[in-house]
Amino acid sequence: MCGILAIFGCTDNSHAKRSRIIELSRRLRHRGPDWSGLHSHEDCYLAHQRLAIVDPTSGDQPLYNEDKTIVVAVNGEIYNHKELREKLKSHQFRTESDCEVIAHLYEEYGENFIDMLDGMFSFVLLDTRDKSFIAARDAIGITPLYMGWGLDGSIWFSSEMKALSDDCERFVSFLPGHIYSSKNGGLRRWYNPPWFSETIPSTPYDPLVLRKAFEKAVVKRLMTDVPFGVLLSGGLDSSLVAAVANRYLADTEAGRQWGSQLHTFCVGLKGSPDLKAAREVADYLGTRHHEFHFTVQEGIDALEEVIYHVETYDVTSIRASTPMFLMSRKIKSLGVKMVLSGEGSDEIFGGYLYFHKAPNKEEFHQETCRKIKALHLYDCLRANKSTSAWGVEARVPFLDKEFINIAMNVDPEWKMIRPDLGRIEKWVVRNAFDDDQNPYLPKHILYRQKEQFSDGVGYSWIDGLKDHANSQVSDSMLANASFVYPHNTPTTKEGYYYRTIFERYFPKAAARETVPGGPSVACSTAKAVEWDAAWSKNLDPSGRAALGVHEAAYEVKET
């Protein structure tokens with residue numbers, strides 16, 4: 001990952017302003033510790049903090065076209081850059097960077113090239129010929145991007161809120177799958193897949209099509225010139241990522257460069273479910289496995305730093321970000337800069353335990369659509385920022401654009417959880433990789449019950465967080481929460497505690513409005529809480545709140 005900061009229309013173009021932009025860009029250096037770049041043109045500035053993954057020697061940013069009239073700062077990876085270069089034969093490239101194609105695609109196709117990009121990205125591009133500019137974010141919002149407005153009429157873009165929150169009067173999270181054009185003066189959606197309308201698909205389930213699409217998604221993400229690995233919790237999603245990467249690594253350029261033994265990483269409290277399951281998967285696959293432990297106190301001690309980096313007060317995100325943040329620091333200490341991770345599968349396939357209560361395939365499908373559309377506010381934000389805090393890049397094959405289209409086009413009847421037919425959550429994925437002739441994983445791992453990351457690292461982690469919050473927040477503080485925090489009022493002491501930390505770093509109203517709210521059980525949207533009357537009495541984002549579903553569910557609260 002990298003960090004980008006761009007400002008257009010500054011009324012002050014003094015040396016002091018340049019120094020201020022450098023200072024603000026420095027707030028993103030954790031995202032890109034390898035090099036810093038700044039391009040200024042009249043009242044426009046594009047700053048970049050680089051994490052060098054592809055072409056570390058010559059791919060410094062900002063990047064340019066042949067005559068430097070087009071300037072681009074990019075955070076992300078373009079997996080099909082070699083194929084795109086083939087369409088740009090008449091152009092001269094300065095580097096081997098995967099991101100340089102963006103400048104040349106703009107030169108060739110104007111603003112209508114975004115859908116040609118296969119990857120994860122946020123970028124800002126300046127055309128110095130007429131001082132027009134565009135900004136765009138990938139389809140799902142895997143990479144973060146914020147947009148802000150200064151009192152002087154300037155427009156700002158930044159990878160993280162912390163670089164613009166002090167200097168902008170108002171700022172928002174830039175919508176995924178959208179492009180901002182200064183020529184048109186606003187946002188428009190460039191990503192328009194069939195599933196976005198939430199109409200119910202009818203394509204029959206084909207396990208081999210699904211399997212091949214996922215294998216392709218994993219293999220294309222092995223594009224790297226630096227050491228890498230896989231985050232392995234031992235659950236279905238991360239185990240499949242590891243199994244596929246392990247199977248094809250030797251045939252890739254990355255495997256030839258860095259060796260064919262895959263590195264895997266897991267974090268948890270000692271004795272946690274994830275550590276045991278991950279070790280078993282790693283032994284089965286023969287990976288070089290790294291197991292990291294943390295204590296509840298170490299996690300609590302890191303909370304303030306986690307909230308500063310992840311820029312949220314959402315309870316689920318903070319619970320899961322903290323172990324991921326601690327693990328990323330350990331991973332970086334080993335010299336690893338890129339990891340593959342399993343985010344996105346639960347949203348696409350209805351893997352959260354509350355999907356057991358989906359009343360019909362229509363509601364099941366619509367909930368998966370809602371979950372995917374909100375990923376940029378939750379799991380994508382967590383996975384990106386908690387790893388980027390230590391200069392590690394997380395890639396997510398389940399959120400491959402082509403794979404999502406195939407998976408979301410399957411008749412949702414096949415995704416429904418049907419115990420009468422022996423189908424547990426995410427059965428369509430498990431079945432697609434259930435190959436007796438050439439097994440990917442042991443059967444009991446392939447059919448292991450869903451554990452949310454914050455649960456799987458050890459149940460006492462969440463219990464410890466709640467106990468700590470109870471000691472910090474009094475009953476009267478919580479009783480008056482609606483007066484202190486009228487927007488997204490915290491309903492638990494844990495939520496209140498996180499909110500106080502967040503507000504200390506990000507005190508503006510615009511900051512708190514970037515964080516979603518509303519009732520949730522086991523990571524559901526507010527709409528899905530309606531599926532079971534008992535859930536409204538037990539609103540907790542932990543998977544154990546899925547009463548009557550999780551094997552270690554919380555006890556039902558009496559009214």
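Glycine residues also receive a Cβ, built from the backbone N, Cα and C atoms like all the rest.
Whatever TrEMBL says is automated annotation, not expert-curated.
Residues or ranges marked as active site, for GATase activity by TrEMBL: Cys2. If you look up TrEMBL, you'll see Asp98 marked as L-glutamine binding site. For Leu231, Val267, Ser341, Gly342, the entry in TrEMBL reads ATP binding site. Residues or ranges marked as domain 'Glutamine amidotransferase type-2' by TrEMBL: 2-185. Summarising the annotation, TrEMBL assigns site 'Important for beta-aspartyl-AMP intermediate formation' to Glu343.
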Close in space but at least six residues away in sequence, with Cβ under 8 Å from that of Gly342 (ATP binding site), the same-chain residues are Leu231, Ser233, Gly235, Leu236, Asp237, Ser238, Ser239, Leu240, Val241, Val396, Phe398
Mean pLDDT across the domain 'Glutamine amidotransferase type-2' (2-185) comes out at 96
Please report how many Å separate the Cα atom of Asp98 (L-glutamine binding site) from that of the residue listed as 'active site, for GATase activity', as a whole number. 13
Neighbouring C-beta atoms (10 Å sphere around the C-beta of Val267 (ATP binding site)): 29
Give me the count of other Cβ atoms within 10 A of the Cβ belonging to the residue listed as 'active site, for GATase activity'. 29
I'm trying to understand the geometry here, so how far is the Cα atom of Glu343 (site 'Important for beta-aspartyl-AMP intermediate formation') from the Cα atom of Val267 (ATP binding site), in Å to the nearest whole number? 16
Which residues in the same chain, at least 6 apart in sequence, have a Cβ under 8 Å from the Cβ of Ser341 (ATP binding site)? Val230, Leu231, Ser238, Val241, Ala383, Ala394, Arg395, Val396
So the record assigns Leu231, Val267, Ser341, Gly342 to ATP. If I measure every Cα pair among those residues, what is the longest distance in angstrom, as a whole number? 14
Just counting, how many other CB atoms are there within 10 A of the CB of Asp98 (L-glutamine binding site)? 25
Taking the Cα atoms as reference points, how far is Val267 (ATP binding site) from the residue listed as 'active site, for GATase activity' in Å? 24
